[in-house]
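Here the structure comes first, spelled out in structure tokens, and everything after it is commentary.
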2 protein chains.
Amino acid sequence: MADSEFTRTAPVSGFPEWLPEVRMVELRWLDRIREKFESYGFAPIETPAAETLSALLKKGETSQEVYTLHRLQDDSGGEAKLGLHFDLTVPFARYVAQHLNDLTFPFKRYQIQKVWRGERPQEGRFREFTQCDIDVINPDHVPLHFDAEVLRIASEVLTELEIGQFVLRVNNRKVLEGFYRGLGVPDPVAVIRVMDKLDKLAAEQIERMLVDQLGLTDGQAKSCLRLAELRGGDAPSVLRAVRDLGVNDELLDEGLEELAYVLDALRDLPPGVVEADLSIARGLDYYTGTVYEGTFTEFPKYGSICSGGRYADLAGAFTRRSLPGVGVSIGLTRIFAKLLTEGRLPVGPKCPTQVLVVVPGQDTQAATAVAAVLRGRGINTEVFHQTAKLAKQLRYAIGKGIPYVWFPPFHDDAQHEVKALATEEQVPADPTVWLP
Amino acid sequence: MADSEFTRTAPVSGFPEWLPEVRMVELRWLDRIREKFESYGFAPIETPAAETLSALLKKGETSQEVYTLHRLQDDSGGEAKLGLHFDLTVPFARYVAQHLNDLTFPFKRYQIQKVWRGERPQEGRFREFTQCDIDVINPDHVPLHFDAEVLRIASEVLTELEIGQFVLRVNNRKVLEGFYRGLGVPDPVAVIRVMDKLDKLAAEQIERMLVDQLGLTDGQAKSCLRLAELRGGDAPSVLRAVRDLGVNDELLDEGLEELAYVLDALRDLPPGVVEADLSIARGLDYYTGTVYEGTFTEFPKYGSICSGGRYADLAGAFTRRSLPGVGVSIGLTRIFAKLLTEGRLPVGPKCPTQVLVVVPGQDTQAATAVAAVLRGRGINTEVFHQTAKLAKQLRYAIGKGIPYVWFPPFHDDAQHEVKALATEEQVPADPTVWLP
């Protein structure tokens, strides 16, 4: 394998792939996520990997990350240029605009797919990765009920996947915008954009930027930073702390009411899982109300593992119909790869087989028959693939991590036996009732 | 929507996407296929959408179909060129070569993924489509057992998906090559390539090509065509018919023995599902023994819905290790899209919700509580998202095809009731034991 002719079997950087035993765990994760989404009535959609480039770039912000597609021997010229989707929001917007008349609203959809970004790979950043998105959209108005529901679902998903301790931070853009406006700041949205850098820059740098670049007074800048320090899971305490900063504004009131609603609706969740964090801004102008951001408690520097929020219009680039919504996106590959790297993923056997039926002699008929019975009862079963010494057949089971070996009867009077390889215990068994 | 500004919401030709109610059916198909593959002990792998172009083109035959990837603003230059995989065989070969030391052999893998081909779309031919592949590979030797097993699995999958009548035709390249050699033909492989066109050209044209282009005598050409007419599910009859053509050759004997083994191992399947068809050639030199090809009985012109066979070396382009194998690929999108077009797909409700819990008044607490109980018991449950007139809540359930509506107690003495929308029957129910 050192031969240079074969070096191209190396993995492509940023495109992760797993051994079968790891892929089996990932598939179980995907199953659980899907089950959870469906348990709340979210319907599945899947969109093509490729969209027209013009659709992908309607928002215009991420052009450098897009992979475009070209045919190796393109002789047509006239076709629309295509690119791979870099998130699931743009394809969802295009999908909704296109199928508007065939959807029933409020439309609750989930979408679990690969996305591609031509970024430089680094820890936690991939060129191909799986996102798990849920969104609720409805023409003109989406009840606040869903702001709490999508966050509850994210919390339940992350808990069931046993990813370790995590925190889902929630805030509301109206609180920020209203607070800054109430302070008398000239351009509240510009302040949000600066405050969004708080996770990367020191508080003093932020303060200086607010004063020097945006013309805030020292007092205004300090108030902005004091707001960003507030957090906690108890709605009344958080609201009191904001009020204590002495700013009054209608939009602020509205935002605080919404924030309190979400916290209150989720107060039955385990303590610490969901908390208000008044520093969360989510820089994009896209979001207009509730915003979320989830992180590993243990690996705070690893960055966001899930995020989302409420937006005023999903598909403005594609249809005149106003479609507000709220959604959350779980970064499956980011989470999975981190736990794998940290040795926190309980990786099991190399194949899904539960029972290996050994072939005792030349005749495979008895083995094939019992395998069919077990399979028919939902037990994953292999028949050993040739006549071979028993020791070789057992070695195969051990090598693949198959937990049980089945011995069909050698002759008419003999009975079936099954051996658990973990305990070495071998007992008679009836294939029509036996359970692993 | 007639505005030209919005016309780019049209679907990209050749990239199919479905409404949620159709995607739900497709997901059930994918689940069943995966369950079937796993029930026989096949392990899942997933490879990246992209491979290096040099890996993709090692076989060199399909260069015009490959989509290459480019970053919209590429400033690096030095990176390996990437392309989307156009089948799952090349990525599997690269994967096996790369992870050779981490796999346990015989390696039985399944892989269910999208593939991309830059072809001109037409009925049954897509630019993005899902393939479901199983293969068994083993260094140096793969038991014939698996030639029968993978075909049995394909047959069971297609039966369980209820795709209508289908036939899986099986042949053996050794039979063809041995027969032509036994006839005294100078280049048997060239004859296979011509015979492979039998589904597109008339028998007379094939005969003329054999004589004019390959220099066969009229008698040799007629014998080739007579062999190609033979078919049937009963191994002894098929063998007798081949023998009656009077050709003797060692390789022919070996091929007939293998073909008889496969037919014999599958004789318990329903009649007509698997049959020998001596015209099946599968043109590529890749295949060396058993070959398969499946078609709809009802739509014979639609072409192959599943195919595969035995090969002498999977990964010769990537490793010196000899890895023979046998596998089959099911064309999920081809089958699914055809049944959808023909109106043969039983499409159900627009969402996975089984129960809608109505919100009787301002208080949502009772509704939320009963929803949690039902969900905890594995029943997909939505709570209506706002306070609204009962008629509106019922309309939502009917519009989405939700089969049951749950009425939580209005006051302390009242009891839970559930209504089946199909029958309009409303009865008292206990959320801890009720089943849909």
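Positions of Cβ are set from backbone N, Cα and C atoms, glycine also.
The L-histidine binding site annotation in TrEMBL covers B:ASP87, B:LEU88, B:THR89, B:ARG117, B:GLN131, B:ASP135, B:ARG282, B:TYR286, B:TYR287. In the three-state DSSP scheme, B:ASP87 (L-histidine binding site) is classed as coil. Residue environment of B:ASP87 (L-histidine binding site) contains 18 other Cβ atoms, counted within 10 Å of its Cβ in all protein chains.
Annotation comment: TrEMBL describes B:33-360 as domain 'Aminoacyl-transfer RNA synthetases class-II family profile'.
It is B:GLN131, among the binding-site residues B:THR89, B:GLN131, whose Cβ has the fewest other Cβ atoms within 10 Å in the structure shown. Under DSSP, B:GLN131 (L-histidine binding site) is assigned to a strand (E or B) in the three-state scheme. The average pLDDT computed over the domain 'Aminoacyl-transfer RNA synthetases class-II family profile' (B:33-360) stands at 93. Counting every protein chain shown, the Cβ of B:ARG282 (L-histidine binding site) has 20 other Cβ atoms within 10 Å. DSSP assigns B:TYR287 (L-histidine binding site) to a strand. For the recorded site, B:ARG282 (L-histidine binding site), the DSSP three-state label reads coil.
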